[in-house]
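Look at TrEMBL and you will find 12-37, 63-82, 94-114, 120-137, 144-163, 183-213, 225-248, 254-272 tagged as transmembrane segment.
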Amino acid sequence: MMTTISLYMGHAFVRYALVVGVLIALCSSLIGVTLVLKRFSFIGDGLSHVAFGAMTVATVMKLTNNMVLMMPVTVISAILLLRTGRNAKIKGDAAIAMISVASLAFGYLVMNVFSTSANLSGDVCSTLFGSTAILTLSHEEVALCVGLSVLVTAVFIFFYHHIFDVTFDEAFARSAGTPVDAYNLLIAVVIAVIIVLGMNLVGSLLISALIIFPALSAMRVFKSFLSVTICSVVVSVVGAFSGILISVCAGTPVGSTIVAVDLAVFAVFWLVGKAVG
């Protein structure tokens, strides 16, 4: 087993996949704790479907880099979703469901009407559940992912205390002079960036698992925000690293394997949490 892993590690595409996978997992886990505590877990699901719709349009337009369209569309949708969620006539969960279903249907319709491939079902499946694209990353794509991941991590660390305040008590944070709306907007933009980055890794349907599972696992054992965040990062990074290695060695889908590892880790943490009371 170790010999096989060492052999694969000699290839640049495996090293690139591990670097990108670990960085996406790191960013996802940082913001995942905040989303779970704020009960925004499904915003990731909704935005991932928006990204799917944007990706299909970018593919039909034959853009050399789908991210050119996916990133702004997903960020704008995150902002609109946050504002719509505060509308008394359209509650947050209803807005997410509406955008999620509409974007998914629109994306699939575009892929059918303006199909640019003979293997439509394969394209849809790889987009929804992840593909081997994570194993064919170029140096430029890796550099872009590293840059955006460093930016997301730096933003989280720099604004950590304000994000903490907004996560637990918006009313108190507002009374203390914290610009709550601005930080909620920042959180929405960050999660949009993470989703676009994670599309090639686990696909649009599984990206929410990458965000939620590590946070839920950490919450089974730890109680403070800082300890939960640190544990979530460790769980997510180890899960992504292990999942990619297992996928490469066993020939299983990358995204599904990572999510399966995260699910197994959650089961272990759940049992540990039950044991320690």
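Cβ coordinates are placed from backbone N, Cα and C, and glycine is handled just like the others.
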Contact between the transmembrane segment (63-82) and the transmembrane segment (94-114) (3 or more Cβ pairs under 8 Å, separation 6+): yes
Listed stretch, out of 12-37, 183-213, 225-248, that has the most CB pairs under 8 angstroms to the transmembrane segment (144-163): 12-37
